[in-house]
Amino acid sequence: MPAYDNEGATISMEDVRNPDQSNTVSTIEDDLAIKRLRRLRPQKSTISSRRQQAVCVRRAYKKYGTSKNPNVILDGLNMTVPKGAIYGLLGASGCGKTTLLSCIVGRRRLNSGEIWVLGGKPGSPGSGVPGPRIGYMPQEIALFGEFTIKETMTYFGWIAGMSTNEVEKRIDVMISLLQLPDAARYVKNLSGGQQRRVSLASALIHDPELLILDEPTVGVDPVLRQSIWDHLVEITRGGRTTVIITTHYIDETKQANIIGLMRGGRFLAEESPSELIRRYQGESLEDVFLKLAVLQNRGKRRRSSILADVVDKVELPGIPNPAVDLEESEMGEISGEFGDNVSMSSKGRVVVTPELTPADALPPDEEPALNRLERIKPMKWHHMKALIWKNTLSLVRNFGVLAFIIGLPVIQMTLFCLAVGHYPVGLPIAVVDYETNSNMTLCDYNMDACPQDKESYEWNLTLFSCRYLEALKKRQSNLIYYPTEESAMSDARKGNAKIVIVIPKNFTESLQDRMTDPRHADSFTIDNSVIDVHLDDTNKQMEWILSKDLSLAFAETVDRLAEVCQLPSRIFSLPVHFHDPIYGVTDSDFTDFAAPGVILTIIYFLAVALTSGAMLAERNEGILERSLVSGITGTEILFSHVTVQIFVMAIQSIMVMLISFALFGLSQNGPLGWISLLVIMTGLCGMTFGFLVSCLCDTDRTATYMALGSFLPMVLLCGIIWPIEAMHILLQWISFFLPLTKSTESLRSMLQRGWSIEIPSVYSGFISTSIWIVVYLTTSILLLKFKKG
Ligand SMILES: Nc1ncnc2c1ncn2[C@@H]1O[C@H](COP(=O)(O)OP(=O)(O)OP(=O)(O)O)[C@@H](O)[C@H]1O
């Protein structure tokens, strides 16, 4: 049997199982004898002796909250779990059992103190902790509802490095041991108790060296509870497996080898159940717990008398309170001193025991030597296989969600193409034409006849307003005629017209006079040769469109005049001529400008939502925690998500591009390969940002706030809806460093200018996106690694 040493005490598991034969200090008389001996042969625990235990915790201090308002959970706690023992961890709800266990499995950090698990420090290279040496059943169910029992156990078996054959054999054993239903049943359809048993089976599947079970028997009927305990006793019999179990059924822990009674951040006692009952003269373990609690309160009473009444009502055995009675010089670390471990302070007795002989002492577990490649290898094949399979299965099982994820960008892009950037037609335009007095029959003259005398070259423009309104009508069909300027303005103020045009009575005549003899044009002539325009300026886009229409209608009218008079086509137009654009099309609309940014924004933010949602769901259900304890690393989790989601993203990207270019005919002049790559890389960037969000945020709500909070600044600052050059200089700098700025510019250059990767504004988008992927991914990996408890 393995020897058990703690603080110098050497106690074999036989001692624990047969307390009568134990040489453990177990009586008050022994206490006194040891007190005498203490000064002669004190023996402190050594690192070597700590490494021989399955678990050894020393001076553990852990608090939550701020330093101003700390919530101290572990307060100098010592704990020793010998190999091959069943250790029952008892304590009131909220006393810190789960916190202690998560420190042991390496998922939370102590504020101070040290922990040794299976000979190594949790998290150190080669310790196997977290890893397959541990089987961890957390308090919450922490299973995938949409998986079957078999799939669940296969996942955890694969993580532990088992082959599919081995897993299948173990599944049969687990099903009969834990009386599980058919392995093909979905976890979500099982009862609460059945789900707990599947959770327990998942911890047991790989036959670990150290089993840590947080309340495994909740919701389990007494018969099955007994068979679970029998199994625990069975597996620990060989000494290879150690079990730490928490439970609220104090009575069931009588089958444990050692019980740790936790209260106030420390252990009241750490002892075999029979010894506890004998020593504290209790009728049951519950009775002992109560008495020890009172003893602890007595110690406190020296500082406070609040508990006096309670304490006085409880009958106590005639034993001293060791921790209270000890002199300071007699204090040392305590824990694992079977028969003498009443912990009232972070210190305790220095235990004097027979010295550890080489024959009794087990050599500490050697940390497996890892070669250099294994040390730097961030991912294990069997982990990746299990994770990728799990992620794929999750997606496929949630087919509705998958269809939505793929369909959503299609809907969004379709909406964008249909709704944004098009030219509004039929805007209500109020026309007051004093020249015709709204009598449009006057306009029924032959406008194809040239109004210039062929011999004298005199112009005889007739009702030029008719020609102008005719051209305007081709652009905006909804011309509403008013008799007076007042009536038109009054209606426009009520919102019935976007613009009011007033054509003076002598418009044509004055215009002609001004053109033929500008030197002698008086102010009356100038005033009457001008069309007055009143705009509703509340909508800039609309104002811009109508102004453009009025100008273009005039240009078209004079061009037409030149045409019918067989004059050179640009004779009357402004002496500024716009040729075909270098890039883009002459009458491009806002859709073409905004499309690159919108495509990237859709892909980016859907990836953020998809990834952060998946990660948070996994974390909040406790699955992430459980996987991490099984030895999965943050890097593996992130890359497994990337591997699966990249396919979803590729489909999303292809669909969005098909909608944009094939269906709605948005400009696409660049190399399709590079365009696709940039879109997919942007999705990848969004995915890694989603990882970061899920690592930074503890709840769905904060994650949603963060994702939504970053959406608008990104859209506003990345040049998606307005040119960056028009922003405040400070914002231009900020914009420069945002993830969608360079990629939007790059995509726009490829789509509209047809540029390829060798042009700086194109490749800078790829570089910027790659840098952001690395930054997000690295930060997420570091957070997953270091953000504990
Ligand atoms: N992440 C956290 N942040 C702040 N406080 C926490 C956190 N986790 C636990 N606590 C607090 O620490 C205390 C101990 O919690 P813990 O879950 O370890 O108790 P427990 O003994 O396992 O309880 P139970 O038996 O009910 O499961 C509780 O008061 C709890 O509110």
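Using N, Cα and C of the backbone, Cβ positions are placed for all residues, glycine too.
Heads up, TrEMBL stuff is auto-annotated, nobody curated it.
According to TrEMBL, the domain 'ABC transporter' annotation covers 55-289.
Marked as domain 'ABC transmembrane type-2' by TrEMBL: 558-787.
Here TrEMBL flags 1-24 as region 'Disordered'.
According to TrEMBL, the feature transmembrane segment maps to 593-617 (among others). Here the transmembrane segment (593-617) has Cβ contacts under 8 Å with residues 391, 394, 405, 408-409, 412-413, 416-417, 420-421, 624, 637, 641, 645, 648-649, 652-653, 656-657, 660, 666-667, 678-679, 682-691, 693-695, 697, 699-700, 703, 707, 711, 714-715, 718-721, 739-740, 743-744, 747-748, 751-752 of the same chain, all six or more residues outside its ends.
Taking Cβ pairs closer than 8 Å, the transmembrane segment (638-666) reaches residues 379, 384, 387-388, 390-392, 395, 402, 405-406, 409-410, 413-414, 417-418, 591-592, 595, 599, 602-603, 606-607, 610-611, 614-615, 675-676, 679-680, 683-684, 687-688, 691, 751, 777, 780-781, 784 in its own chain, all 6 or more past its ends. Annotated transmembrane segment per TrEMBL: 638-666 (among others), in sequence order.
TrEMBL lists 672-693 (among others) with the feature transmembrane segment. Same-chain neighbours of the transmembrane segment (672-693): 599-600, 603-613, 615, 638, 641-642, 645-646, 649-650, 652-654, 656-657, 703, 706-707, 710, 739-740, 743, 746-747, 750-751, 756-757, 762, 765-766, 769-770, 772-773, 776-777, 779-780, 783, counting only residues six or more beyond its ends whose CB sits under 8 Å from a CB of the stretch.
Sequence annotations record features per position, and here TrEMBL assigns transmembrane segment to 705-724 (among others).
The annotation transmembrane segment is assigned in TrEMBL to 762-784 (among others).
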Within the same chain, where does the transmembrane segment (762-784) have neighbours whose Cβ lies under 8 angstroms from its own Cβ atoms, ignoring anything closer than 6 residues to its ends? I mean 6 or more beyond. 628, 633-635, 637-638, 674, 677-678, 681-682, 684-685, 688-689, 691-692, 695-696, 739, 741-747, 749-750, 755-756
